[in-house]
Amino acid sequence: MALDRWIALVILMISLAYGYTAFFTMDEGLPPFMKFNAIWPSTFPKGLSVMAVICALIILLSPQKADAGPKAGDIDYRRLLDYKLGQATALLAMMVIYALALRPVGFLISTVAFLVISALILGERKLHILIPIAVIAAGVVWYLVQQVLGIYLRPLPFFMGTGG
Amino acid sequence: MLDGILIGLSTAFSLSNILMVIGGCLIGTFIGMLPGLGPMSIISIMIPVAISIGDPSAALILLAGVYYGAIFGGSTSSILINAPGVASTVATSFDGYPLARQGKAGKALTVAAISSFCGGSIGAILLMIFAPALASVALLFHSAEYFALMVVGLSAIAAFAGTGQVVKALLMTVLGLIMATVGEGALFNMPRFTMGIMDLQSGFGFITLAMAMFALPEALYLVLDPSRSKTEGGSNEIKDLRITKAEAKSIAPVIGRQSIQGFLIGVLPGAGATIASFLGYAVERNIAPKEEQKEFGKGAIKGLAAPESANNAACTGSFVPLLTLGIPGSGTTAILLGALIALNVSPGPRLMVDEPEIFWAVIISMYVGNLILLILNLPLIPYIAKVLAVPRNYLIPFIFFFTLMGAYIGQNNATELLILVGLGICATVLRFADYPLAPLLIGFILGSMLEDNFSRSMQLYDGLGFLMERPMTIGLLGLAAVLVILPSYRARRARLRQRGVADGD
């Protein structure tokens, strides 16, 4: 089965779960006075779930077209292993680690580590250039966000004060 | 209208707003030049900054500057290295890159800059004429008509964005609407579909979604396929920026025609700058004399002027439905709409009446933006083009970092970053399978407004009676049905005809 049909199948499942909630469980806790209204919190979602199920079923059940291959300049998912899949996965993992480390480790250290390790993953080896660039970038962004935009970003690890 | 223009002039020409336009144009040009980063990614990244400014006029002026700058930057990388930063400048590379290879990069950049300037300026004049007229008609609309109008907008977007795969685009639109129902809405004041997760109580963040739909997949594509960020092979030498009188004379009618055509295409929901640029190129190629037709694709300046004027005029045109009806016609204007909502501004026909300074300042700043791009960027291009030399190993981590920062600043919550990564992976997979992502974002942004207007109409008429009692509503819903059914019917007929030919009928 082609990828677009697998996706349609996943969306169909999500739509069915969404529709089940809208049709059967959502209105249970509704206060009695709201039940006299023409519109309930579930009214709109009910319509959406029906539409999503219909669209997903059309994609799933329509006759399979000849595979035209990827568009020019696009990535062919059928030969994904020919691309830099390892690097992409490692960078996504770095993003998750960064998200988890941002608060406890602090903005400055986690950002410098993220930028340096990401560049290393991509093949950069000139640490004497990379580290100063990462340190300057982290410092400048922290200053702009915290001091200019006024959005709190803990700069240092949690045991070294708030830095606010 | 004169009062409005004066208000707009005084707002747009305040020192801070002039700085916003200059800053926006420069940032947009710089980032837009980087291959693989489109205006949607750039605007998504810039939104937290714009929102933190607080002043809606200034924020919108900054974002509009970034938008124009990105289109301009995209043209520059198309011409110099044959790597269009944005889809709407792909047609620019057809003749721009051959010109650069002939050693005429400077001339090509000048033609592109002048065409963009004229396209944007003519578009802004047309916007000034059309927008107030459309807004005054839209003032007659009630919630039922608004609901129907949004359905028309969403159907048109699905029909255009789907390019033959309308059902896929429709499914994405509905998915966007479904995502908009997650969280505690203002309408019922009760959490819906949060699955007990506290972080979903306020729903999905629009900035996170915009980043996940556009910036992250684009960056992942750059990682997966290094050739996308390749910068070798082009002629980066920029010497003579002049064009001759004869050349100016030959491109003048092209610019005039394509500015008007591009603007009208931009006004249509879902069409946008990419279609305008390709159509502009095709039209000019077809109406050119036979000898000139042979030049197209080999370095014809008419072939460069056509898409450049058309795409800039279309960008301006796409502001018409946004500012007058509150309906975004493209992914980029959907992001701008989200930014406006975040700034407590409701675009629509009341915008011109209630907040004329925002409405007119945006229009006036479009002139200013175009002018700044022309006078500031053209002499700076040889220096700005140095950004093309940034190595991929440095560029990609920074794109990822700014994507993360954008989502974090938008919500001030580290969980948002995990949601960003999850949604970004989903968006990349959807892109692999050719599911259009702009309809999803537009559906998400319009979702709460659509439900709001639908619910108000239901309450007023105590049910679905409004569908029968308001002829304009039923007419608009009929139009929406036609918009969805017609392209599918045509595609089916074309398929059947093709099969017939293949079978030897």
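Including glycine, each Cβ sits where the backbone N, Cα and C put it.
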From B:6-31, B:292-317, the residue range that TrEMBL assigns the feature transmembrane segment: B:6-31
Among ranges B:79-97, B:231-249, whichever one TrEMBL labels transmembrane segment: B:79-97
Outside the transmembrane segment (B:470-489), six or more residues from its ends: residues with CB under 8 Å to it: 141-142, 144-145, 147-149, 151-152, 154-156, 158-159, 162, 164, 166-167, 170, 457
Top Cβ-contact partner of the transmembrane segment (B:327-346) among B:43-67, B:146-162, B:169-190, B:202-224, B:393-410 (pairs under 8 Å): B:43-67
In contact by Cβ distance (the transmembrane segment (B:202-224), the transmembrane segment (B:109-134); 3 or more pairs under 8 Å): no
Beyond the flanks of the transmembrane segment (B:43-67) by at least 6 residues, Cβ under 8 Å: 11-12, 16-17, 20-25, 27-28, 31, 207, 210-211, 214-215, 315, 319, 332, 335-336, 338-340, 342-345, 355, 357-358, 361-362, 365-366, 369, 372, 402-403, 405-406, 409-410
